[in-house]
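A.B. asks: What Swiss-Prot lists as transit peptide is 1-37, and the listing cites sequence analysis. Per Swiss-Prot, domain 'HD' is recorded for 87-187. According to Swiss-Prot, the domain 'EF-hand 1' annotation covers 449-484, on the basis of sequence analysis. For Asp462, Asn464, Asp466, Arg468, Glu473, the entry in Swiss-Prot reads Ca(2+) 1 binding site. For 486-518, the entry in Swiss-Prot reads domain 'EF-hand 2', with the evidence type sequence analysis. Taken from Swiss-Prot, the feature Ca(2+) 2 binding site covers Asp496, Asn498, Asp500, Ser502, Glu507.
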Amino acid sequence: MASAGGEVVVVDPAAAAVAPDVEHHAPAPRLTPAGSGGRLMAELLGVFNGLTERMGDDVATSSSWTLLFRALKLALPALRDAAGGRSLARALIVAASLADLQMDAEVISAGIVRQAMDAGAVAMADAEAQLGPGAAALLLESLDVKNAPSRVDVADEEAASAVRNRILSGYDVRAVILELAIRLDAMKHLDGVPKHQQRTTSLEVLKVFAPLAHAVGAGALSKELEDLSFWRLYPQAYAQVDQWLSGQEDDCKRVLATCKDDLLQALAADDELRHTVAGFDVKGRYKSRFSAMKKLVKDGRRPEDVHDILGMRVILDHRAGAGDGHRACIRTHEVIKGMWKDVPARTKDYIARPKGDGYRSLHIAVDMSEPGPEGKKRPLMEVQIRTKEMNDAAVFGHALYKGCLADPEEAKRLKDIMLAAAEVAAQHLRDEPATGDQTGVPAAAAAAASAGNIERAFRLLDKNGDGRISMEELTELMEDLGAGGKDAEELMRLLDDNNDGSLSSDEFALFQKRVELKAKLEDKDDEYKEILRQKLQKVDDTGLIHVYRKNLSDKLVSG
C-alpha cells in the first residue's frame with residue numbers, strides 16, 4: 001500500500017509468470033548484508049557451510065575445504081559491491097549448482113572465482129596464486145569453452161556439431177560442466193541485454209551447450225537450457241506448447257508423486273525382488289516444453305500421439321550373483337501391471353534385444369486415466385525399468401545420442417574420453433577425510449561427522465594450530481574480507497565470552513550455531529511465504545481477495 005497526494009493506492013501484485021517453469025534446485029547459500037565484522041564472518045561461514053554440506057563424501061576432504069575457503073575469501077570482497085551484490089549472489093548460485101552436480105572443490109572454487117573474473121574484479125594471476133595451477137587451468141579452459149561458439153556460425157548444424165566435438169575431445173570435462181553451469185545462470189539473467197544478444201546467446205545454448213549437457217550426462221541441466229533458449233528464441237511457439245502442457249501439469253505431477261510412493265512400497269514388499277534386488281530408485285518427470293515441441297514439430301506427431309508426457313524410471317540395485325538382472329526387470333513389470341492398466345502394444349524389451357549402440361532397458365506404458373466415461377483423462381505414462389549397471393551404461397550412451405554425435409566410432413571415442421575425465425575428476429584432490437579422529441571407533445566418527453562444519457571451519461581460521469583463534473588471525477580474516485581492525489575487535493568482543501582475547505573452539509561453535517539457526521529460520525520463512533502465496537493465489541482466483549482489497553481501500557479512504 002502506498003499514499004500519493006493523499007489518495008490511498010492498494011497495490012495488486014501481478015501474478016503472471018513469463019519465464020519457463022524450469023526445474024528448481026535447492027537455493028544457494030545465503031548472503032548476509034555487508035557491514036560489521038560479525039556479519040562478514042557470518043556470511044563467509046554460512047556460504048562455506050552450505051557448499052561443503054552439498055559436496056559428496058568422496059570429494060569433501062581437508063584439501064577441498066582449504067581450497068574452497070581460499071576461493072571464498074578471494075571472491076566475496078571482490079564481488080560484494082559489484083552490481084549491488086548481484087554478481088556475488090550469482091556466483092554462489094553457480095557454486096551451489098556445481099556442488100549439487102557433485103563436482104570437486106577445484107570446479108566449485110573455479111565457479112566462484114569465474115564470476116569475479118568476468119566482472120573484472122579478480123585477475124587470473126591472483127586466482128592462480130590463491131587457488132593453485134589446477135583451478136587456474138580449469139578457469140582458462142572454461143573461458144576457451146565459453147568463446148568456442150563465437151568463432152563459427154552455430155546456426156549451421158555442421159559447424160555447431162564440429163564445435164561440440166572439439167569441446168568434448170579437447171577439454172577437461174569438468175571445465176565443460178563449469179561453463180554449462182555459468183551458461184544456465186546467464187540464461188536466467190538476459191532481460192537487461194539487447195535483444196540481438198539474447199538471441200545470439202540463446203542460439204549458442206540451443207545448438208552447442210544444451211547438447212553438450214546431454215553428452216556429459218547432465219540431463220536436468222540440459223533440459224533447463226533447452227527450455228530457456230526455446231522460450232527466448234521462439235516465444236509464440238513456446239506459448240502454444242506451454243498452454244497445452246500447463247493445462248494438465250499440476251494434476252500429472254501430483255499423479256507422478258503418488259505413483260512413485262506407491263511403486264516404491266509395492267516393490268519393497270515383493271518377495272521375489274527382496275531376494276534379488278538390494279534397493280530401488282524411482283524417478284518421475286514431466287515432459288519439457290522443448291522436448292514436446294520437437295515431438296510435435298520435428299517428428300510431426302499429433303498431441304494425442306505423444307506418449308511420454310509422463311515418464312518414470314525405475315533403477316534396480318541388483319544383487320551380485322542373482323542373474324543378469326533381466327528377470328528382476330520382468331518381475332518389476334509384473335508388479336506394475338498389478339497396480340495400473342498396462343498397454344501391451346507399447347512394451348519394448350531392449351534387454352532381450354539391445355539396441356545397436358548396446359542400450360538395454362525394459363520400456364512399458366501404463367494408462368493413468370481414471371476409469372469410467374466421466375473419469376479424468378490423462379496421457380500415458382512411459383516407464384523405463386533397468387538395473388543400475390544398465391543405467392550407468394545408458395547415461396553416456398544415450399547422452400551421446402542426445403548430444404547429436406551421430407558417428408558411432410566418434411561417439412565411442414568421445415565416450416571413452418568422458419569416462420576417463422570423470423575418473424580423473426573423482427581422484428582429484430582426494431585424500432584421507434579429515435575427521436579429527438583416526439581411531440576407527442564408530443561413535444567417535446559419528447560425533448566428528450556431526451560437528452564437521454564447526455571443526456573444519458575452526459581449523460582453517462586457526463592458522464598456527466594452537467587451538468585458539470587469536471586477534472591477529474581474526475584481523476587477517478577481516479582484512480581478507482575487505483573489513484578492518486575495528487571490525488575484528490568488534491567481533492572479538494561479541495564472541496569472546498571469557499574475555500581472554502582469543503576464541504576457543506567452544507566460543508566459535510556457539511557463533512556457528514547462531515549462524516545455522518539464522519539460515520534455518522530464513523529458509524523456513526521462505527517456505528511459509530511460498531505456501532501462503534499459493535494458497536492466497538487460489539483464493540485470489542475466486543475474487544475474494546479483490547473484494548477484501550476494495551473494502552479495505554474504502555475504509556482507508558473514508559478514514
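Every residue, even glycine, has its Cβ placed from backbone N, Cα and C.
Looking at the shown structure, can you explain where the listed features end up?
C.D. replies: The domain 'HD' (87-187): residue composition by secondary structure is 84 helix, 0 strand, 17 coil, according to DSSP.
Remote same-chain residues near the domain 'EF-hand 1' (449-484) are listed as 34, 37, 40-41, 43-45, 48-49, 52-53, 62, 65-66, 69, 73, 76-77, 80, 434-436, 491-492, 501-505, 508-509, 512-513, 516 (criterion: CB distance under 8 Å, separation of at least six residues from the stretch ends).
The Cβ neighbour count for Glu473 (Ca(2+) 1 binding site), using a 10 Å radius and every protein chain shown, is 18.
Helix first, then strand, then coil: DSSP counts for the domain 'EF-hand 2' (486-518) stand at 24 helix, 2 strand, 7 coil.
Long-range Cβ contacts of Asp496 (Ca(2+) 2 binding site) within its own chain (separation 6+, distance under 8 Å): Ser502, Leu503, Glu507.
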A.B. asks: Enumerate same-chain residues with a sequence separation of six or more from Asn464 (Ca(2+) 1 binding site) and a Cβ-Cβ distance below 8 A; give 'none' if the list is empty.
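C.D. replies: Within the chain, Asn464 (Ca(2+) 1 binding site) has Cβ neighbours under 8 Å at Ser470, Glu473.
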A.B. asks: Could you say whether, by DSSP, Glu473 (Ca(2+) 1 binding site) belongs to a helix, a strand or a coil region?
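C.D. replies: Helix, per DSSP.
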A.B. asks: Looking only at the domain 'EF-hand 1' (449-484), how are its residues distributed among DSSP helix, strand and coil?
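C.D. replies: Secondary-structure breakdown of the domain 'EF-hand 1' (449-484): 22 helix, 2 strand, 12 coil.
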A.B. asks: Relative to the Cα of Asp500 (Ca(2+) 2 binding site), which of the binding-site residues Asp462, Asp466, Arg468 has the closest Cα?
C.D. replies: Arg468
A.B. asks: Mind checking which of Asn498, Ser502 has the fewest other CB atoms within 10 A of its CB? They're the binding-site residues.
C.D. replies: Asn498
